[in-house]
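> Look at Swiss-Prot and you will find 1-14 tagged as compositional bias 'Pro residues'. Feature annotation from Swiss-Prot assigns compositional bias 'Basic and acidic residues' to 448-465. What Swiss-Prot records for CYS143-CYS221 is disulfide bond, and it gives sequence analysis as the kind of evidence. For LYS340, the entry in Swiss-Prot reads N6-(retinylidene)lysine. Swiss-Prot lists 1-32, 440-478 with the feature region 'Disordered'. Feature annotation from Swiss-Prot assigns topological domain 'Extracellular' to 1-72, 129-144, 210-238, 318-332. Look at Swiss-Prot and you will find 94-107, 166-188, 260-296, 354-478 tagged as topological domain 'Cytoplasmic'. Per Swiss-Prot, transmembrane segment is recorded for 73-93, 108-128, 145-165, 189-209, 239-259, 297-317, 333-353.
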Amino acid sequence: MNPPSGPRVPPSPTQEPSCMATPAPPSWWDSSQSSISSLGRLPSISPTAPGTWAAAWVPLPTVDVPDHAHYTLGTVILLVGLTGMLGNLTVIYTFCRSRSLRTPANMFIINLAVSDFLMSFTQAPVFFTSSLYKQWLFGETGCEFYAFCGALFGISSMITLTAIALDRYLVITRPLATFGVASKRRAAFVLLGVWLYALAWSLPPFFGWSAYVPEGLLTSCSWDYMSFTPAVRAYTMLLCCFVFFLPLLIIIYCYIFIFRAIRETGRALQTFGACKGNGESLWQRQRLQSECKMAKIMLLVILLFVLSWAPYSAVALVAFAGYAHVLTPYMSSVPAVIAKASAIHNPIIYAITHPKYRVAIAQHLPCLGVLLGVSRRHSRPYPSYRSTHRSTLTSHTSNLSWISIRRRQESLGSESEVGWTHMEAAAVWGAAQQANGRSLYGQGLEDLEAKAPPRPQGHEAETPGKTKGLIPSQDPRM
């Protein structure tokens, strides 16, 4: 099935290829596009209605580029696909097996890994195979399905990242408004909305609004952003706005206020620690630093995803502006490969920077734990991993705000169901002070102790997690 050597030109009505019964080239490949083999420009391909592809199979057109260009792109996409499939499958397995990682907030990360895995699984093998033969091999239906999967899973990943940013924004900057909500149920509804939103933007090309067509080196498919028709241009602009730019603005807005809230809470804890003069504030600051690190990790994930899709969006906008004739096959294919490479960023980032993920890998996949350099003592399961939130919500009984939070949480369910982090609990504490009209900065030790209820006898010097003779992770109350 290899194409003949020498210059490749699209089949003409007067020259019948040996592999076809009736030489009827697709309607989107007309004589006006015959210069593609000499100029290396993209054809204007727009099968916007059923039946525009030939009824009998015909060889799709090729572009006049060196063979090694196809092989290079094919090799890159194969490596990207294998890395994306194995890496994201590892993330899914680890997060599902590790109890400490099965929190409502991490449901979004699992969904992101599922979306990235499906992106790699549906895109890389097809792209690689077509690159070996230097032309699209799977016909109209295969092209449409391939492009639909790329759009669906790419949009799902972008909107999932937006949902992560919004979720962190709400629980950190609006803790009282979200306190007590069934987080797992809420996360499930949000993820359902994410997939419905992605589906709503992926289906229109099947109904005549734009189309799914070959692109670049004509070994992969995407939505038609090259045609300069009102319908195609409208779809391209709306897709870029509501799938790329609007989510990007929401993410930027959320993380600006997230880091501002972290900074303000850190100052509040520092002031409180100066008033109390003990080790509690130091422990709280360490937890705050941990939350800040996790926020930075997610911000890095989002930035890499945006940078991966930015070149592809730029190419689409160039064509939208009417300059499709300046786009070469390379200028379309290379950004497409970069966009698909966004599926490999998350597993690599987690493996390098996410401490609990590294430990969970060492526990459930010891061979990978050795590769990541996780020590043997860190790979042993700890009792404290059964809930990542208990130590914070039970370690501050000397303060009435912490006791109120704990009592209310017990009435609502376990920490694993509520899904609060150290940062969120600290934010509730500060927000509760502000809601009562009191400034956290102006409260001294006397004010805080006056509010605290009497402690049980025999526990004046004890706090949960600091029971005599026990380290925090061994406290039976945790």
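Cβ from N, Cα, C; glycine included.
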> Kindly state the mean pLDDT of the topological domain 'Extracellular' (129-144) in the predicted structure.
93
> Which stretch, 73-93, 145-165, 297-317, 333-353, tops the Cβ pairs under 8 Å count with the transmembrane segment (108-128)?
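Of the candidates 73-93, 145-165, 297-317, 333-353, 73-93 scores highest.
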> If you count other Cβ atoms within 10 Å of each one's Cβ, which of the disulfide-bonded residues CYS143, CYS221 has the most?
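It comes out as CYS221.
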> Please report the number of other Cβ atoms within 10 Å of the Cβ of the residue listed as 'N6-(retinylidene)lysine'.
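A count of 27.
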> Would the transmembrane segment (145-165) and the transmembrane segment (239-259) count as touching if the test is at least 3 Cβ pairs under 8 Å, pairs 6 or more apart?
yes
> Report, as numbers and ranges, which residues of the same chain sit near the transmembrane segment (239-259): CB under 8 Å and 6 or more residues beyond its ends.
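Distant contacts of the transmembrane segment (239-259): 155, 158-159, 161-162, 165-166, 168-169, 172-173, 201, 223, 292, 295, 299, 302, 306, 309, 313, 316-317, 320.
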> Give me the CA-CA distance between CYS221 (disulfide bond) and the residue listed as 'N6-(retinylidene)lysine', in Å, as a whole number.
12
> Can you tell me the CA-to-CA distance separating the residue listed as 'N6-(retinylidene)lysine' and CYS143 (disulfide bond), as a whole number of Å?
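Approximately 16 Å lies between the Cα of the residue listed as 'N6-(retinylidene)lysine' and that of CYS143 (disulfide bond).
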> When secondary structure is assigned with DSSP, how many helix, strand and coil residues does the topological domain 'Cytoplasmic' (94-107) contain?
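Helix, strand, coil within the topological domain 'Cytoplasmic' (94-107): 11 helix, 0 strand, 3 coil.
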